[in-house]
């Protein structure tokens, strides 16, 4: 009896699950059909994602521009060697492989390490404390020894560090009890801004291929780094140039800080990252940088007879030239637009832009050393 009941139940379920059409073919019930459609859609999504990611069995391959999802299409003149939706582990490890972002990653990673060395070197050679009450002779001996130790890595700006160290030693020996150093925070704020920019840029180029969400986040950090570099570049220029004119000091510092915050908010708009807005991005950053002409010209008008003011203005002009050329190269995508596919791995516009950014940032670092020496010797009373 029990077996018979089970058999009847099975038959009843079978009839409920299937319906026979007019041609004698069996069709799935609406519920079962819907479940199978959902499973097929999920399977299709998995296969599509797997195909896009260009990864299978733990291995990832590079793809061409036409195989990329839209969020990874930024430059149609770079035709090949793309990473597309790689797993995070593979994206991180790709720092040691060859693809069209390798040079972008390493130029700014090396730049970050270089500026970290500059910061450490400046902290060792340029005293940070406010008291100048140590012995002049011993300070000069210690400075000379330190310079000798690190001159190999900092050879290019060795003369500036020597001059700054000698000025500090002279101050120490002559008026140790009466004189204090110029405040150092604007100089180190700039160095931190430069390092943040370089590190965020390198990280962005390494990881943005992982997913659309990661791409969005990385690009925002990249833009934040650029804005931080521009804003903090104003700090040594404005603070030390107008040390005795606090009204203009506060005016210029407030202006560029507010400008930077506004630019950061604009960069959060999703459309800001699209290829169509490349020129807008370049124009916004260029306007921020060009606004620095006002305090520079003001400085020259006030202190045109001071050699430090003229020298720093020269450094700042060189910095502006490096940044200006970089923005033009970035916006026009030269040289790859002339020969698409020929500069996929090396020599394309974004790589040149990276090198020019480092050159401009280093030039401003040299100006910062001159500012410190100037205001240590000639403070505002």
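Backbone N, Cα and C define each Cβ position, glycine as well.
Owing to the predicted nature of the structure, the values given are computational and were not obtained by experimental measurement.
Mapped onto three states, the DSSP output places residue 205 (Zn(2+) binding site) in helix. Residues or ranges marked as Zn(2+) binding site by TrEMBL: 205, 350, 354.
Taken from TrEMBL, the feature transmembrane segment applies to 105-126 (among others).
Look at TrEMBL and you will find 187-209 (among others) tagged as transmembrane segment.
Marked as transmembrane segment by TrEMBL: 221-242 (among others).
The transmembrane segment feature in TrEMBL is assigned to 248-272 (among others).
The annotation transmembrane segment is assigned in TrEMBL to 284-303 (among others). Under 8 Å from some Cβ of the transmembrane segment (284-303) lie the Cβ atoms of residues 226-227, 230-231, 233-234, 237-238, 241-242, 245, 248, 252, 255-256, 259-260, 263, 266, 309-310, 312-313, 316, 320, 323-324, 327, all in the same chain and six or more residues away from its ends.
As annotated by TrEMBL, transmembrane segment applies to 309-331 (among others).
Taken from TrEMBL, the feature transmembrane segment covers 352-374 (among others). Taking Cβ pairs closer than 8 Å, the transmembrane segment (352-374) reaches residues 103-104, 107-108, 111, 114-115, 118, 122, 126, 156-157, 160-161, 163-164, 167, 182, 184, 187, 190-191, 194, 197-198, 201, 229, 233, 236-237, 240-241, 306, 308-309, 311-312, 315-316, 318-323, 325-327, 329-330 in its own chain, all 6 or more past its ends.
Cβ proximity to the Zn(2+) site centre (mean Cβ of 205, 350, 354, cutoff 8 Å) flags the following additional same-chain residues: 101, 103, 104, 105, 107, 108, 201, 351, 353. Contact between the transmembrane segment (248-272) and the transmembrane segment (221-242) is supported by 3 or more Cβ pairs under 8 Å, counting only residues 6 or more apart in sequence. Counting only residues at least six positions away in the same chain, the Cβ atoms of 75, 104, 330 sit under 8 Å from the Cβ of residue 350 (Zn(2+) binding site).
Around residue 205 (Zn(2+) binding site), the same-chain residues at least 6 positions away in sequence with a Cβ under 8 Å from its Cβ are 101, 104, 105, 108.
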